[in-house]
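**Student:** For 152-185, 186-219, 220-253, 254-287, 288-320, the entry in TrEMBL reads repeat 'ANK'.
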């Protein structure tokens, strides 16, 4: 009977955490004073047995230590080994998806803004598990750093975008402290990632954030607009161009603007869409001195060539080889024919 009672209590605790509510103020999520209540959750024999049965040795050790720590010597220790042990244990609890165990660890004031040995925070790991109940439980704790970066430089927001977890993206974007312009080790923002994965819904939600810098360039000097040309379909490009503060003529590390890339791909639809923007400069030269017209002529994309000329592409600009666009034509024989 006692075990059944304990199990019932644990289940009720888990249910309460899943049903935790959020308040909204000016479009931002804020915790109510009464909302932040860490329930007293005892470490039970059932929890310890579950950790043992599922071969989560780090979690097992942490639970045993906390259960036996009547003097709080372990819980209050700042030892690096102890802090790391608890961080790893919390991650193992998250992998189980067992809310009462997670709540018990949180009740014992486990640091939730510490990276585990695999260099992920508990919040990152909840995203990887796509466990919204655990995610909401963690994000609702005091002192959580929602901008903590993992070994790849990704914040939980990066991870949520990568995993396609839109609800988690939404929850994070409602937090005042979220850094929507954080870049990972590749220099990518969350908008870069959403664009490269073709997620229109996430892109539109991100673009609604006024704090979002849409012109950040990654380590290859590519903006999200460059990626939309390389990876996305026309719907991605259309979604991005709703924002009128894009710098349309940014050059990547090869000197290519988004227009250069669209021409190189022979994508007439994207070329046409870009040429509709009044700020587009059709005569920018890349690192080899080639304009989009040079590239279109070289590839024999005659419809694109015509569109560029109609938009004001110069016929006389020379690249670093001293060639004008006409001289790039595949069947160019006699320059006088093109005068």
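Numbers here mean position along the shown chain, with the first residue as 1.
Glycine is treated like the rest: Cβ placed from N, Cα and C.
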**Student:** Can you tell me which parts of the same chain pack against the repeat 'ANK' (220-253), counting only residues 6+ beyond its ends and a CB-CB cutoff under 8 A?
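**Tutor:** Contacts of the repeat 'ANK' (220-253) (Cβ under 8 Å, skipping residues fewer than 6 from its ends): 187, 189, 191-192, 195-198, 200, 203-204, 207, 214, 259, 261-262, 265, 267, 269-270, 273-274, 277, 279-281, 284, 286.
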**Student:** Looking only at the repeat 'ANK' (152-185), what are its DSSP counts of helix, strand and coil residues?
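**Tutor:** Result for the repeat 'ANK' (152-185), in helix, strand, coil order: 15 helix, 1 strand, 18 coil.
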**Student:** What average pLDDT is reported by the model for the repeat 'ANK' (288-320)?
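**Tutor:** Averaging the confidence scores along the repeat 'ANK' (288-320) gives 97.
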